[in-house]
Amino acid sequence: MALSMDNIVISNEEEIYMMKAMHIPCGLYLNMVLRAAIELDLFEIIAKSTTQKLSSYEIASQIPTKNPNASSLVLERILRFLASQSFLTCNITKNDDGNVHTSYNLTPLSQSLISDKDGSSLAPFLLLHSESVVVNSCFLLKDAILQGEVPFNKAYGMNAFEYTKKDSRMNGLFNKAMQNVTCIEMKKIVECYNGFEGVKETIDVGGGLGISLASIISKYPNIKGINFDLPHVIKDAPTYEGIEHVGGDMLKSVPQGELIILKEILHNWDDEDCVKILKNCWRALPNDGKVVVIEQIQPEYPETNLLSKHLFALDISMMIMFHGGKERTKQQFEDLAKQAGFTSIKVMARAYYYWVIEFYKY
């Protein structure tokens, strides 16, 4: 009879916490296994199967390996691990001849790592965050405390923006990751936030490749969009109907318009630069204009729910990557708004981990 872990009851609290502590070092393996699975197209291979239930050998026969038989034995262990982490389901059946057949299929969790009907997934975002350039910075996290240094800057002698400008491969990884995750986020945002209704012109400051504006204009085609970002960023931006790509520096000035978007911009900067950016936005707005800030709002107290865990984890990411970068509380956003001249802010909607906050000029 097979041994099932589901039948084991652990009621001793001390044992539970000790076992959780013992498991902590294994957290690294999940990211690395997922990275390998994405690079090998494992999830996509299963998704494209007519049965969507494949054995390790059936999967191995579709990847560029010299020996599918040998590779399937290693792959089986990878697949079992992913099943234990809820990224796959494992199906074990016994044939009439007594042979055991094991197959795997996708779960809602792994569905997020395969391309949706728009070609977007979270896979490029996971690859970016497990890239050696990013991971190596984490080894210097203690220096943020001991020496007050930004780990990424210490590792590479420049900030993350300068690095992506210099390294075309990393710039491509970053753009692809942001393109995919932005597409997913913005589909949700335009569903739950109606603040773009009746708007004639929208400026997306730091808009990258223009994905956010494209999502907005697909629902509100009468909007004229200006996608504003650094010249080396917009040079790779695709052409969209109704969108003009404009190069510039948000720390100096931004184009004028009735509504300005700042999506995941402020968390990259310290308070002083945030106020500069917001003041430039304030000057570019008409009296009845507003800035739509799309950011994560950090809770005042470190709770242990899914939202809180993610928000505090992203705050660590900002600390590693950017000088003064951080996730902010609602009060901290209010303080920035007042310093920049805005009269008030209002939290309008939430999409996944992101909140839509309106900053009013008057």
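Yeah, the Cβs are placed from backbone N, Cα and C, and that goes for glycine too.
Here is what Swiss-Prot says about this protein:
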- HIS267: active site, proton acceptor (ACT_SITE)
- ASP229: S-adenosyl-L-methionine binding site (BINDING)
Ask   = Including all protein chains shown, what's the count of other C-beta atoms within 10 A of the C-beta of HIS267 (active site, proton acceptor)?
value = 18
Ask   = Just the number: how many Å between the Cα atoms of the residue listed as 'S-adenosyl-L-methionine binding site' and HIS267 (active site, proton acceptor)?
value = 16
Ask   = Does DSSP give the residue listed as 'active site, proton acceptor' helix, strand or coil?
value = helix
Task = Take the Cβ of ASP229 (S-adenosyl-L-methionine binding site) and count every other Cβ within 10 Å, whichever protein chain it belongs to.
result = 22
